[in-house]
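Undergrad: The annotation transmembrane segment is assigned in TrEMBL to A:6-33, A:45-62, A:96-117, A:144-161, A:190-211, A:217-236, A:266-285.
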Amino acid sequence: MGALEIINFYLVPGLVVGSIYALGAVGITLVFAILRYAHLAHGDLATLGAFLGLGLVTALGISPYLALTAVMALTAVVAVGIDRVFYDYLRERPKIVTVMASLGIALMVRAIVQMVWGVDSQTYTRGIVRPENWFGIRVRDRELITIVAMIVLVVALQLFLQRSKWGKAMRAMSDNPDLALLSGVDNGKVVTITWVIVGGLCAAAGLFLGLNFELKAMMGWSMLLPMFAAAILGGVGRVEGAVLGGLIVGVAEEMSTLFLPTEYKAATAFAILLLMLLVRPTGLLRGKVL
Amino acid sequence: MKPLLQMTDLHGGYGDANILHGVNLHVAPAEIVVIVGPNGAGKSTAMKAIFGLLKIRGGSVTVGGVDITGWEPNRIVEAGVCYVPQVDNVFREMTVHENLEMGAFLRSGDLSAAYDRVYGLFPDLKERRKALAGNLSGGQRQMVAMGRALMLEPKILLLDEPTAGLSPKYMEQIFQISRDVRDTGVAILLVEQHAKQALAFADRGYVLASGCNRHEGTGADLLADRDVADMFLGG
Ligand SMILES: Nc1ncnc2c1ncn2[C@@H]1O[C@H](COP(=O)(O)OP(=O)(O)O)[C@@H](O)[C@H]1O
Ligand SMILES: [Mg+2]
């Protein structure tokens, strides 16, 4: 097999799915770093975002790309709401209680999606899209947009974290929560901003997953493991690490089908996760130790 | 003079255990007061009590006559009290300058005068303003920690063992900077292991043992006290 085939059939699809994992993994790493628990409803929040997008696309007849910002905002509101009603209530309890609660939220969100949109697979648009040819490399527009959108969102997030007052407060809360409180940072506000960002990123991940594949109630749940693997691979608390981790897991999953039967694709993320925890628990970019 | 900070008959501890059994102390404006005492005496706990970081079972803390017992830390900071904990007192993954910025989190408007003042007190930090605080030496990190607390221009600065683990050169420097800070009108309450040097440099001191006041007086008086000398001035 030539280099072009490898690029077209493995690398490009790997980078596309990796970009989607990256969007999810960045949110997971932020929740880990600032709120200090594993958020198991992350995938199903992405599912909700994808279906809210479907709702807008069918109701208004707009393209899914136009729906993106609205869907991110809606899911952010849902995420903040979930935090206010459930997670915030458990704040003083051991973190494992919140982890278990987030599993419950995952099931609840999925059930709501199934009740509203049914259990059949759906798509945003009909028909087959032929890939464009760029000097032999074949990429569909939606694939290119997925990768570019991921980069734009992550750069915007990094600018916010590095430059803005509240972005710095989020980093301070992740770095040393006690000292952040002693500096006068309002913890509640940091938590709310975190959920706005995480909810928005979840929705983007879900929407792009639906755009490149199809929408079904289990779509988010089934990418929970690769997203966690990506976050841990990159180093917990590291936004750039989560992106790198997402891309690596995505490409590794596609490449694995070169050597292994396709059924083992999903096991690749698990293998990467185990290997990383064994060899370098701080992740590629030296994150927090869990 | 009317005390700026007053702790009256404070009882409290972590969880169910009581560590402080009625501690009394006060600090006047622009005064340097040191707390000394054996390890585990409750010195750090007394400082945390000012910030409500433990369970307080009795007594009160006032700042400028206002009772701040049980307030949230961010309100206490706003009341003009800044605290440098004994350990983990910088944001390691943030630059020196960002640490100072976090110190000024509650302030708005032009901060250039505050930066100039802090960088003036700690010229070493100005050179290393882009370095991550976690990559600095222990002494420089302590300066970042003090600098962060000074950015808010507090009325009183609480320092918990600022010289622990530092070389004599840095210790002298930290004491000198504390004097400079005091000369700008800021009161300082500090906990010190180096009892002899600290008592020589402070205006007044308290000796704490087993969560109770044992002795108090001017630095010179305590240094001359036989009982205090036997306790930890190494006979
Ligand atoms: N976070 C904590 N939880 C429970 N007990 C503590 C904690 N911190 C300190 N202690 C206990 O409180 C007592 C006083 O500690 P501390 O105030 O740190 O002493 P000092 O600063 O005078 O050396 C010690 O017996 C110590 O074991
Ligand atoms: Mg101590």
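From the backbone N, Cα and C atoms, a Cβ is placed for every residue, glycine too.
Looking at the shown structure, can you explain where the listed features end up?
TA: Through the fold, the transmembrane segment (A:6-33) approaches residues 39, 42-43, 46, 137-139, 143, 146-147, 149-151, 153-154, 157, 170, 174, 194, 197-198, 201-202, 204-205, 208-209, 212, 223, 226-228, 230-231, 234, 236-239, 241-243, 245-255, 257-258, 287-288, 290 of its own chain, all at least 6 residues removed from its boundaries and within a Cβ separation under 8 Å.
Here the transmembrane segment (A:45-62) has Cβ contacts under 8 Å with residues 24, 68, 70-72, 74-75, 78-79, 109-110, 112-113, 116-117, 122, 124, 199, 202-207, 209-210, 215, 217-221, 223 of the same chain, all six or more residues outside its ends.
Residues 15-16, 19-20, 22-23, 26, 65, 68, 167-168, 170-171, 197, 201, 204, 208, 211-212, 239-240, 243 of the same chain sit 6 or more residues outside the transmembrane segment (A:144-161) yet have a Cβ under 8 Å from a Cβ within it.
The list of residues near the transmembrane segment (A:190-211) in space but at least 6 beyond its ends in sequence, with Cβ under 8 angstroms from a Cβ of it, reads 19-21, 23-24, 26-27, 30-31, 34-35, 39, 42, 45-54, 64, 67-68, 71-80, 82-83, 88, 123-124, 142, 146, 149-150, 153, 157, 160, 166, 169-170, 173, 180, 219-220, 223, 227.
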Undergrad: Who are the chain neighbours of the transmembrane segment (A:266-285) in space, where the CB to CB distance is under 8 Å and they lie at least 6 residues beyond its ends?
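TA: Same-chain contacts beyond the flanks: 222, 225-226, 228-230, 232-236, 238, 240-241, 244-245, 248-249, 252-253, 256.
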